[in-house]
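Engineer: This is the feature table in TrEMBL:
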DOMAIN    B:63-208  domain 'NADH:ubiquinone oxidoreductase-like 20kDa subunit'
BINDING   B:Cys63, B:Cys66, B:Cys161, B:Cys195  [4Fe-4S] cluster 1 binding site
DOMAIN    B:228-309  domain 'Cytochrome-c3 hydrogenase C-terminal'
BINDING   B:His233, B:Cys236, B:Cys261, B:Cys267  [4Fe-4S] cluster 2 binding site
BINDING   B:Cys276, B:Cys295, B:Cys298  [3Fe-4S] cluster binding site
REGION    B:351-387  region 'Disordered'
COMPBIAS  B:359-375  compositional bias 'Gly residues'
Amino acid sequence: MSMHIGTGIHAADATAGDASVDRTSIYVYEAPLRVWHWVNALTLTVLAVTGYLIASPLPSVPGEASESFVMGTVRFIHFAAGYVLAVGWLGRIYWAFVGNHHARQLFTFPFWRRSYWRGVIWEANWYAFRRAEPKKYVGHNPLAQFVMFWVFMLGMVFMIATGFALYAEGEGTDSLLYALFGWVFAVFPNSQSVHTWHHLGMWALVIYSMTHIYAVVREDILSRQSMISTMISGERMFKDNRDD
Amino acid sequence: MASRTETFYDVMRRQGISRRSFLKFCGLTSAALGLGPAWAPKVAEALETQPRIPVIWLHGLECTCCTESFIRSAHPLVKDVVLSMISLDYDDTIMAAAGHQAEAILDEVRETHRGEYILAVEGNPPLKDGGVYCLPGGRPFKDTLTTMAADAKAVIAWGSCASWGCVQAAHPNPTQATPVHEVVTGTPVIKVPGCPPIAEVMTGVLSYMVTFGTLPELDRHGRPKMFYSQRIHDKCYRRPHFDAGQFVERWDDEGARKGYCLYKMGCKGPTTYNACSTVRWNDGVSFPIQSGHGCLGCSEKDFWDKGPFYERLTTLDPLFVEADADTVGGTAALVAGGAIAAHAGVSIARRTAQRRNGNGTGNGTGTGTGKGQGPGHSDTGDSATRG
């Protein structure tokens, strides 16, 4: 394999112990998808914090009611972030149609493909320390796709539906939002149940985010491809050129 | 039984109500129904020309609080007139007649007013063991209910028992108490939930049906929109304290004395559709929140199982006994965090061990260095052949 280092590299920084390999790089995540990812991460954080504060409000403020708008502000931020999240989600769905095929992976689940399930088991074994090395993947690995689809994607749909249903209650039962999301109350006739499940959904996404961040850091270090920088530059870099 | 041609107006005049009082009532009724002053003459015309609607009032598994509320309909004129507006032909709890002759009225009304009478149901039928847990007149209530509902013009489900099941249907619902709309098929059911419903809401619904001869506009759950389209919270006079972030934190604190929002004390106003904060109770004197106590959400489905009444977050019984979303979610997050930390620890330890075994010379070659070091497995062939 030939080396293409290029000129102008700071050769003085390289020591004898450094190994140099030819890297393969594939452009995976296009710009709109990357922007969506980070906007979504930010709004999810804002939504989780403000959502928690709606369920368990801050200590009472003194003075006239007309002088403060603490709960109102927390709720406004929650609703505004909710709109950003939902619009971003619509954009994400649009991008699944017009973007490259990696943009569709989040919304598809190859339930009937046998090789997919073998891949899930393979990756699970890698996480259970029963494999010394994972395989290389351009998109999500099979285990990641499992969690992305069943927890993140469906979780987002659930949170957007229940969230806008609750918001529609304030808008009024004759509002457009209620016409769009009022069906949630056919599933949960008591609005209190929608609050409870929406709250549980928050915890599910919090646990998802913890796992997600741990997995990308770990994969970035231990796997055979880049992870974190891929969601910044869009380039998936492979650390070796061996076959799987 | 009342004459079929007698109108409401006739009845009122017979009871000594002046025409002036009658017109005042019509004005009040149209205002209460949200129709505006232009409708008052139409209400009057309807009451002068429409024959009285026969009403059968059945009692199933219930506590009679709906009747107690109804007979206290606050405005005296409303009370007097509404009891005359309808021809209440049967109500086993408050009528003087008893025995077989009283029961015979049911069949008689069903025969003579087929498709015309309104069936008002207080309480619900328990279905378990053939319905033996509620036997008014020696007959399973579910049989009486389905028979009478089949020939009724409409069924009014009074209160939370008839609308949702209420306390007798609370988990584990030992008698399989079932709300009316799940038993009655083919006849429209109007839900007027509440434990009990507000008296003026009950009379208002009846007034509407008598006046217009049609059912009021209903929401998704079959409740009249005019009384159940907004939450207590939407019209609560303590709402400014909620938006400001001023809450009662304890029952004996300064906030309680100042009338702050009861949200943190478990008030279910934000999730309860009812007219309490506008119509109020006892001739508009007060309602629970005004008296310093949170709303229990008594007009909502399964409100007994959405407790505690004094906590904001609902417990997830019977899924997780006595645990709310934060307890369950927080515990799960803690477990996940612990698992992640442990997994990270093992990952680091193994990586370090691999390095120490002489394979960790180059960062560039990444992790393709630890072949054969995994405990007790064979990865030969398997990883190389599939790609």
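Numbers run from 1 along the shown chain.
Heads up, the Cβ atoms here are built off N, Cα and C, so glycines get one too.
What's the neighbourhood like for these features in this structure?
Structural biologist: Secondary structure by DSSP for the domain 'NADH:ubiquinone oxidoreductase-like 20kDa subunit' (B:63-208): 70 helix, 22 strand, 54 coil.
The Cβ of B:Cys161 ([4Fe-4S] cluster 1 binding site) has B:Gly60, B:Leu61, B:Glu62, B:Cys63, B:Cys66, B:Glu122, B:Gly123, B:Asn124, B:Val167, B:Gln168, B:Ala169, B:Ala177, B:Pro179, B:Cys195 as same-chain neighbours under 8 Å, each 6 or more residues away in sequence.
Per-residue confidence over the domain 'Cytochrome-c3 hydrogenase C-terminal' (B:228-309) averages out at a pLDDT of 95.
Taking a C-beta cut-off of under 8 Å and a sequence gap of six or more, B:Cys261 ([4Fe-4S] cluster 2 binding site) has these contacts in its own chain: B:Arg238, B:Arg239, B:His241, B:Phe242, B:Gln246, B:Phe247, B:Val248, B:Cys267.
DSSP assigns B:Cys295 ([3Fe-4S] cluster binding site) to coil in the three-state reduction, placing it in neither a helix nor a strand. For B:Cys295 ([3Fe-4S] cluster binding site), the same-chain residues 6+ apart in sequence whose C-beta sits under 8 angstroms from its C-beta are B:Ile232, B:Leu262, B:Cys267, B:Lys268, B:Gly269, B:Thr272, B:Cys276, B:Pro288, B:Ile289.
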Engineer: Over all shown protein chains, what is the count of other CB atoms within 10 A of the CB belonging to B:Cys63 ([4Fe-4S] cluster 1 binding site)?
Structural biologist: 17
Engineer: Have a look around B:His233 ([4Fe-4S] cluster 2 binding site) and count the other CB atoms within 10 A of its CB, chains all included.
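Structural biologist: A count of 23.
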Engineer: Looking only at C-alpha atoms, tell me how far B:Cys298 ([3Fe-4S] cluster binding site) is from B:Cys236 ([4Fe-4S] cluster 2 binding site), rounded to the nearest Å.
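Structural biologist: Distance between the two Cα atoms comes out at 16 Å.
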Engineer: Which residues does B:Cys236 ([4Fe-4S] cluster 2 binding site) neighbour through Cβ under 8 Å, counting only same-chain ones at least six apart?
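Structural biologist: Expected: B:Phe242, B:Gly269, B:Ser277, B:Ile289.
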Engineer: Taking B:Cys66, B:Cys276 as the binding-site residues to compare, which has the smallest set of other Cβ atoms within 10 Å?
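Structural biologist: Output over binding-site residues B:Cys66, B:Cys276: least Cβ neighbours within 10 Å is B:Cys276.
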Engineer: Using DSSP and collapsing to three states, where does B:Cys261 ([4Fe-4S] cluster 2 binding site) fall: helix, strand or coil?
Structural biologist: strand
Engineer: Please count the residues of the domain 'Cytochrome-c3 hydrogenase C-terminal' (B:228-309) that DSSP assigns to helix (H, G, I), strand (E, B) and coil.
Structural biologist: 33 helix, 6 strand, 43 coil
Engineer: Setting B:Cys276, B:Cys295, B:Cys298 aside, what same-chain residues sit with their Cβ within 8 Å of the center of the Cβ atoms that define the [3Fe-4S] cluster site, listed in sequence order?
Structural biologist: B:Gly194, B:Ile232, B:Lys268, B:Gly269, B:Thr272, B:Asn274, B:Phe287, B:Pro288, B:Ile289, B:Leu296, B:Gly297, B:Ser299
